[in-house]
Amino acid sequence: MPASRIIETHVQWTLEFTWARNITCKQYKKQGRKNAFLANLYVALVSGVLSIFSPTFAVFAVLRTLTGSTVPSNFQMPYIITVEQVGSKQRAWLVCISFTLWTLGACCLALTAFVTRHWSTLGLVTTLPIAAFFTYRSFLKPSPRYLMAQGRYEETSEVLKIIAERNGKKVPKGLLSRLQEIAEKDKPQNENDREVSAITFFKYPQLRKKFLIVTLNWSAIAVAYFGLTLNATNLGKNDFLNFFLLSAVELPAFPLALLLMEKIGRRWSTTIFVLLTGTACLIPSFLAKDMGSSAFAISMIGKFGSAAAFTVIYQQAAELYPTPVRALGMGIGSVVSYVAVICMPYVCYLGIYNKAIPFLIIGAMCVSAGLIAPLVPETVRKTLPQTIKDSEEFGLGKGCFPCCGYEEGKDDNDPENAEGAA
């Protein structure tokens, strides 16, 4: 495929992602996380299969747009649902498992494309398995945090009882009345929390600071991750093998990210991995006159660092944003990051003239973002903020460099802090 066609295809794909986030954030609000997830699965399955049998290119383009628009949502929705239902000790494991499965899928995609060698066969093989996910309806329960935020206390109580029964735990007496007490205490703030939009992130100073820093780092990580993947066509040799290796190198990144997230916290893990990606791209670009021998090694190190950073930033964003705007904040993060990624096909195209150019641009963005990453509060083993008020108070009075670790605080696995965990 000509390089110009690759650029056009990638830009279209990126715009689909951006458009999808605007629609999906509204689905979260109106339908709830579970129903929005199932609706997106249905759209992906139907449009994906129909696109293979499209009579014209115009019909194919429309259907593939619908299919592509569901990809980021179908990754984020189940993650948000589950992260709101587990304790702080399990949240890091959850994101690690999610990204490991993503990477295994990418490795299988390279092998599948190599074996099938035809777009229609590849389309069927990658689309039909979506049907299996509809079995989730029978055992995937709505998020208790979402139900609480919507004032649906009886449903929250029922879901918590089911979760407790499946985990072999006893249901506390007076659960419903306790939930209502918690809601009544936060009622004045919750009323304001129900009317949220993108502007909400700029109304409150602490939330604004966290949002801007997280989104800037998210964008830099996305540019590195997808930019290095797209730049595989400039590395020579076999494109299928390059894609497979650049995917497989992510697998050891996830357990390392998990270890560091728990040992030194989220923000310092983000800082380390983003700066690792940036320096890996910058230093060899300045030192090596001929990038031919080092370009692939740089790509492998950068992909390793960006994959680990992606793991941490997802976890960090989910823990920093309060429940009413958690899905919206992560959605906007995806939108902004993919808008930045739009430029990467053109940047990678410049690699035809000088292989160092893509690495220099990616490295500069990552180093700049990594330097401001420590300015957000640490979230490891902390209660997820339930309201915007909680988010504004979270992290106040904490320094940026408390022994390069995390501050001690309330653990949402602590029985004394059960109200915050509810």
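The chain as shown is numbered from 1 upward.
Backbone N, Cα and C define each Cβ position, glycine as well.
Sequence annotations record features per position, and here TrEMBL assigns domain 'Major facilitator superfamily (MFS) profile' to 1-381. Confidence over the domain 'Major facilitator superfamily (MFS) profile' (1-381), given as mean pLDDT on the 0 to 100 scale, stands at 81.
According to TrEMBL, the feature transmembrane segment maps to 41-63 (among others). Residues 12, 69-71, 74, 120, 123-124, 126-128, 130-131, 133-134 of the same chain sit 6 or more residues outside the transmembrane segment (41-63) yet have a Cβ under 8 Å from a Cβ within it.
Look at TrEMBL and you will find 92-115 (among others) tagged as transmembrane segment.
Positions annotated as transmembrane segment by TrEMBL: 121-140 (among others).
Summarising the annotation, TrEMBL assigns transmembrane segment to 211-228 (among others).
Residues or ranges marked as transmembrane segment by TrEMBL: 240-261 (among others).
The transmembrane segment annotation in TrEMBL covers 268-288 (among others).
The transmembrane segment annotation in TrEMBL covers 294-315 (among others).
Residues or ranges marked as transmembrane segment by TrEMBL: 327-352 (among others).
According to TrEMBL, the transmembrane segment annotation covers 358-376 (among others). Long-range contacts of the transmembrane segment (358-376) within the same chain, counting only residues at least 6 positions beyond its ends with a Cβ under 8 Å from a Cβ of the stretch, are 209-210, 213-214, 216-217, 219-221, 223-224, 227-228, 231, 234, 267-268, 270-271, 274-275, 277-282, 284-285, 291, 295, 298, 302, 306, 316, 320, 344, 347-348, 350-351, 395, 400-401.
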The transmembrane segment (92-115) in contact with the transmembrane segment (211-228), cutoff 8 A, at least 3 CB pairs, sep 6+: no
